[in-house]
Amino acid sequence: MPVESGSSAAARQAKQKRKSHSLSIRRTNSTEQDRSGLQRDMLEGQDTKLPLSLRNNLLDLFSQIEREFENLYIENLELRKEIETLNDRLTAEGQTFEGADLAKGALKTKASHSTSQLSQKLKTTYKASTSKIVSSFKATTSRAVCQLVREYVGHRDGIWDLSVTRTQPVVLGTASADHTAMLWSIETGKCLLKYLGHQGSGKVCNKFRLMELCSFSSSASGDQTAHIWRYMVQLPTPQPVADMSQTPCEDDVDFSDKDEADGEVEGPNDCPSVRVATTTLRSHQGVVIAADWLVGGKQVVTASWDRAANLYDVETSELVHSLTGHDQELTHCCTHPTQRLVVTSSRDTTFRLWDFRDPSIHSVNVFQGHTDTVTSAVFTVGDNVVSGSDDRTVKVWDLKNMRSPIATIRTDSAVNRISVSVSQRIIALPHDNRQVRLFDMSGVRLARLPRSNRQGHRRMVCCSTWCEDNTSCNLFSCGFDRQAIGWNINIPALLQEK
């Protein structure tokens, strides 16, 4: 009588195992519809305040979880049978090994491997199911509404920076690579004033400060200087805002990645201009990339490509301190709104906090958390600093514990000059990929500003700034498409609390 070989017997057992497994799955699926109908009847009979659609959605998700666990349970039973069979074979053939301990060790190894696989499958199923449930809840919550209110067009080259005055009259200021800085009426979009004092090529940025009864602006440029110039503007009568339907922030889709052809934009011809600076600050040996006013309005800090930040006295134009220590070019500087603190960011992947609260001691702290250029770092209300980088991350830091960030936001594109809303504590992230996204301080994404072929930025977005004192436009952005855009952002309180 022919003796069946071990390999053919193992093949036959594997075939029977697959057959029994498929039959078990068929039996399971055959009862799913009856069970689902029974569960729906039981659910409809319960007293609940959930909408019917949400209840049905939850029931479907829980049914999927139950089916996955049932399949895993059946597979677990089959694995146990296989272990028992293997145990019997090892017991019968134990004389071929060097004692029974080796057989037990092989059995333990096989059982441990099977248990590990089962545990991993359970984890994967649990994560997938819970993510579906969370997504279903998110779809039912109130959504953020973002409305494009007005476009500010007049520069002949890309706009690098923009800011809003902190006091009345509230105006928007933009600074461009066309060597000019412009002041705009937020309500009408009309240019109120143009500054033409910078001669060098490269970037121009501007910040505002009200001093006594005169309004001043500081601007920095590629001519290695920073200018302080006085402005007086008269706001025009606001015009009615065009009727624009409110757009959910996530609904507009970019249908084309091609940049629209930028025609030659004619600047405002009837806009008054200023050509002479009140004060010129000279000490840098490279492009001055940023400038900001220290609290009190008597000192200005500038950041340059010469790897240093300088602190100047406005009245005397004298250099008070030269803040050195960065290994590469600086990219941004920012001052605290109520304290004598300065933060500088650099291409050396770090940003530094400079403390001038004690006149006799000027301490410095170095933050190391990014892997690429830190494009900006800004203060928020309280003891937090938010930094953005070309490594596609934004980090929120606590000044009391600087070892590691308290929140990290990961994106799909490099982040440029960010801004934080004081009242709503929302971070606006301008990206290289023409998008602007909104996050809360915990790192939760709230919205994305609408961008399509009809509205939004057509090229890289360089900067964003919030306006706390305007009801029609509370967020502004600018970019290489030569325009600044005013947005109205409405974030439901429920969405901010999540």
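Cβ atoms here come from the backbone N, Cα and C positions, even for glycine.
Annotation comment: TrEMBL describes 1-41 (among others) as region 'Disordered'.
If you look up TrEMBL, you'll see 22-31 marked as compositional bias 'Polar residues'.
Look at TrEMBL and you will find 32-41 tagged as compositional bias 'Basic and acidic residues'.
If you look up TrEMBL, you'll see 62-89 marked as coiled coil.
Across the repeat 'WD' (152-194), DSSP assigns 0 helix, 21 strand, 22 coil. Annotated repeat 'WD' per TrEMBL: 152-194 (among others), in sequence order.
As annotated by TrEMBL, region 'Disordered' applies to 243-270 (among others).
Feature annotation from TrEMBL assigns compositional bias 'Acidic residues' to 249-267.
Here TrEMBL flags 281-322 (among others) as repeat 'WD'.
If you look up TrEMBL, you'll see 323-364 (among others) marked as repeat 'WD'. According to DSSP, the secondary structure content of the repeat 'WD' (323-364) in residues is 0 helix, 27 strand, 15 coil.
Positions annotated as repeat 'WD' by TrEMBL: 367-407 (among others). Through the fold, the repeat 'WD' (367-407) approaches residues 331-332, 334-337, 341, 343-347, 349-353, 413-420, 422, 425, 427, 429, 439, 441-443 of its own chain, all at least 6 residues removed from its boundaries and within a Cβ separation under 8 Å.
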